[in-house]
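Q: Quick paste of what Swiss-Prot says about this protein:
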type: BINDING; residues: Thr133, Lys269, Asn278, Arg287; note: substrate binding site
type: BINDING; residues: His161, His206, His261; note: divalent metal cation binding site
Amino acid sequence: MLHPALALVPGEPAGVGPELCVRLVQQPRQDCRLVAFADPATLQAAAAALDLPLRLLPPEALAERPGDLPIQAQCHVHPTRFGHPDPANAPAVIAALCEAASDCVHGALHGIVTGPVHKAVINQSGIHYTGTTELLAAQAECDVVMMLANPHLRVALVTTHLPLRDVPDVITAALLERCLRIVNTAMCGDFGIATPRIAVLGLNPHAGEGGYLGREELDVVIPVLQRLRAEGMVLLGPLSADTAFLPTKLIGYDAVVAMYHDQGLPVLKHSGFEQAVNITLGLPYPRVAVDHGTALDLAGRGVADPSSLFAATALCARLAVSRALLSVRS
């Protein structure tokens, strides 16, 4: 399979997702076939705002010219007003994600590319929602890891959206081991690295300084690393986060595992925010998302940067091909 079929889910309809999707399909793709799971009227309105062509096709059709986009319609209750989210449309946003995921699980599609979703708006609708990563993991009934990547760096997270005061209690040996196994498997299978070198950051300053600045490294991190190294995994650390991202050290890693959100992601975003993407490791299909928010203040103005969506789509296509080739070999 060298031309995978990918679901394209714009996310929050009042944000920049729809117009970024319109920009994405202005050039026919050679690496994948895209099927949008979205509200047709919203996409048409985005195309009109950008003064770009858009021809919506049946979901099984092939895109043949600029602006062609097969679509599995997810109609909204109320018309979209760019910049003004409507909680009444939140069920359609969730339905688009769930239907796309179901099609991937059943083999009709080979991966999902997602735009930014507005968590607060979905929760205001009465739907409990913590994030797309968690939603897809629950639907697939599997453990997942969030990884953000750009052309220079890959950073996976042991914990994601938690208050900082809660992080030490959440990081258990079982959680850390599960995270490292998922990252190692993904680096081997999805990214084709036979023996990935994974840098693991410590939780505390200076990785605990031998216990003087916290015992989590001694009590949790080091025993897990020793156990997994005995199985053959190449794990570096625990490393002090303040020097782990020096360029001379990064050349020795294939991925970095950070203990919490703001330990690793500021460095990644500083090194290449426009090309950064969010990858969900551990799902039975590739899912790659943009690494930015809904940008309600930019929606409908035609000024939003599509670079992250372009990068997410290209990477998702490559990962889908890697999975197919791995399946053939096994």
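Keep in mind that glycine also has a Cβ here, set from the backbone N, Cα and C atoms.
How buried are these features, and what lies next to them?
A: A sphere of 10 angstroms centred on the C-beta of Thr133 (substrate binding site) encloses 23 other C-beta atoms. Thr133 (substrate binding site) falls within a helix when secondary structure is assigned with DSSP.
When other Cβ atoms within 10 Å of the Cβ of His206 (divalent metal cation binding site) are tallied across all protein chains shown, the result is 17.
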Q: Can you check what DSSP calls Arg287 (substrate binding site), collapsed to helix, strand or coil?
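A: SS state of Arg287 (substrate binding site) = strand.
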Q: Determine, to the nearest whole angstrom, how far the Cα atom of His261 (divalent metal cation binding site) is from the Cα atom of Asn278 (substrate binding site).
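A: Taking the Cα atoms only, His261 (divalent metal cation binding site) lies 13 Å from Asn278 (substrate binding site).
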Q: Near His261 (divalent metal cation binding site), how many other Cβ atoms are within 10 Å of its Cβ?
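A: Counting Cβ neighbours of His261 (divalent metal cation binding site) within 10 Å gives 18.
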Q: Could you tell me which three-state DSSP class Asn278 (substrate binding site) falls into?
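A: Its secondary structure by DSSP: strand.
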Q: What's the most sparsely packed of the binding-site residues His161, Lys269, Arg287, counting other C-beta atoms within 10 A?
A: His161
Q: Measuring Cα to Cα, tell me the gap between Thr133 (substrate binding site) and His161 (divalent metal cation binding site) in whole angstrom.
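A: Taking the Cα atoms only, Thr133 (substrate binding site) lies 11 Å from His161 (divalent metal cation binding site).
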